[in-house]
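S.K.: So Swiss-Prot lists the following for this protein:
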ACT_SITE  HIS285  active site
ACT_SITE  HIS300  active site
ACT_SITE  LYS343  active site
DISULFID  CYS24-CYS28  disulfide bond
DISULFID  CYS24-CYS40  disulfide bond
DISULFID  CYS28-CYS58  disulfide bond
DISULFID  CYS38-CYS40  disulfide bond
DISULFID  CYS38-CYS51  disulfide bond
DISULFID  CYS51-CYS58  disulfide bond
DISULFID  CYS90-CYS94  disulfide bond
DISULFID  CYS90-CYS106  disulfide bond
DISULFID  CYS104-CYS106  disulfide bond
DISULFID  CYS104-CYS117  disulfide bond
DISULFID  CYS110-CYS116  disulfide bond
DISULFID  CYS117-CYS124  disulfide bond
DOMAIN    20-62  domain 'SMB 1'
DOMAIN    86-130  domain 'SMB 2'
DOMAIN    137-410  domain 'EndoU'
SIGNAL    1-18  signal peptide
Amino acid sequence: MRACISLVLAVLCGLAWAGKIESCASRCNEKFNRDAACQCDRRCLWHGNCCEDYEHLCTEDHKESEPLPQLEEETEEALASNLYSAPTSCQGRCYEAFDKHHQCHCNARCQEFGNCCKDFESLCSDHEVSHSSDAITKEEIQSISEKIYRADTNKAQKEDIVLNSQNCISPSETRNQVDRCPKPLFTYVNEKLFSKPTYAAFINLLNNYQRATGHGEHFSAQELAEQDAFLREIMKTAVMKELYSFLHHQNRYGSEQEFVDDLKNMWFGLYSRGNEEGDSSGFEHVFSGEVKKGKVTGFHNWIRFYLEEKEGLVDYYSHIYDGPWDSYPDVLAMQFNWDGYYKEVGSAFIGSSPEFEFALYSLCFIARPGKVCQLSLGGYPLAVRTYTWDKSTYGNGKKYIATAYIVSST
């Protein structure tokens, strides 16, 4: 496929030029500087090109980075993560990303800046290698993402999917809620794909959720077994074996069972987006989709989209981005109506296997929680944004996935 425009996020560029400016000292909130090796402007966090000292030098000096209007859940999740009392302990926070709303900090450089919580040394001294989000380099993430890309043998082939992407609009038009595409997005999908074990296990999960937040999720024994079956099937694939091998080598997990248990908690563990206890999870939000305050949130999966469109529940309106890949998986950023509720921009892989998406989102959440994660797929750069759910935790203070989605590409 060919790109019609860039996603509103700019192309992520690795500006590592020798001899260029590499610090934000006296540069906070300046305009983009093409002569600098890294940036200190308000949008560098979204572009993934901030200097290493940006968060420590600049985040106290300006207001929140301006939200990206086409991805409404970004601001929603960012606000949700701050709707709790700022903690004064490092319990469950060792080597988390810097958050200016916290009274004290537990990140890798808090000792350097003298703003650590009092229990930082006692709680975090043994966690630096295994829990620091900076322990896995950008180059390592890009390398493993290429391996995962090559390992996805369950993906759709060119002849398995016929798309009719139709009208490409500008980002300024995404809020208009105008249906510019008279025909469905999917002209044809070879449904034999859905008989593959991971696809079948994935599809079994999609009807286990109530899409409206504020209504508690209550799983039957069969539905809980379906979660285990999905994890069991994807762990048989080369995609997930590549991911586990990488994370095991990075000392993130000591055994495959520990890895699977953590995946189950971070993705399927319930938390509360609305008034009802346990009304949401990372899996429901990202893959199945939710409705909150009259808007579609999450819903970043092509299989779910196809099945709902086939039933007449999804009406495809337009797209603002069509990725550069000439085979599957590809990427599409689209506007649609889901049974009466509008999605301003929903980015999604097209034609990927369930394990492929699950692996990449998990990789980014583990390696870059709450940040932009820069990948490489078939030689093309791609970025994924994750958010942590900070209002509740599991295990020894671990955080659930709030959301994960594609934010940029070339």
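Each residue, glycine too, has its Cβ placed from N, Cα and C.
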S.K.: Work through the recorded positions one by one (CYS51, CYS58, CYS90, HIS285, HIS300) and name whichever has its CA nearest to the CA of CYS104 (disulfide bond).
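M.R.: The answer is CYS90.
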S.K.: Quick check for you: of the recorded positions CYS24, CYS94, CYS116, HIS285, which have their Cα within 10 Å of the Cα of HIS300 (active site)?
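M.R.: Of CYS24, CYS94, CYS116, HIS285, within range: HIS285.
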S.K.: I want to verify one value. Collapsing DSSP to three states, which class is CYS116 (disulfide bond)?
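M.R.: It is in a strand.
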S.K.: Distance check, please: Cα of CYS28 (disulfide bond) against Cα of CYS110 (disulfide bond), rounded to an integer number of angstrom.
M.R.: 19
S.K.: Going by C-alpha distance, which of the disulfide-bonded residues CYS38, CYS40, CYS110 is nearest to LYS343 (active site)?
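M.R.: Its closest listed neighbour, by Cα, is CYS40.
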S.K.: Are any of CYS24, CYS38, CYS116, HIS285 (the recorded positions) within 10 Å of CYS90 (disulfide bond) when you go C-alpha to C-alpha, and if so which?
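M.R.: Matched recorded positions: CYS116, sequence order.
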S.K.: Determine the minimum-neighbour residue: among CYS38, CYS106, listed as disulfide-bonded residues, which Cβ has the fewest other Cβ atoms within 10 angstroms?
M.R.: CYS38
S.K.: Near CYS117 (disulfide bond), which of the recorded positions CYS38, CYS51, CYS58, CYS106, CYS110, HIS285 can be found within 10 Å, Cα to Cα?
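M.R.: If one measures from the Cα of CYS117 (disulfide bond), the recorded positions that come within 10 Å are CYS106, CYS110.
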S.K.: In three-state terms from DSSP, label CYS124 (disulfide bond) for me.
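M.R.: The residue in question, CYS124 (disulfide bond), is helix (DSSP, three-state).
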S.K.: I'd like to know which of these disulfide-bonded residues, CYS40, CYS94, is least surrounded, judged by other CB atoms within 10 A.
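M.R.: Relative to the other disulfide-bonded residues in CYS40, CYS94, CYS94 has the fewest Cβ atoms within 10 Å.
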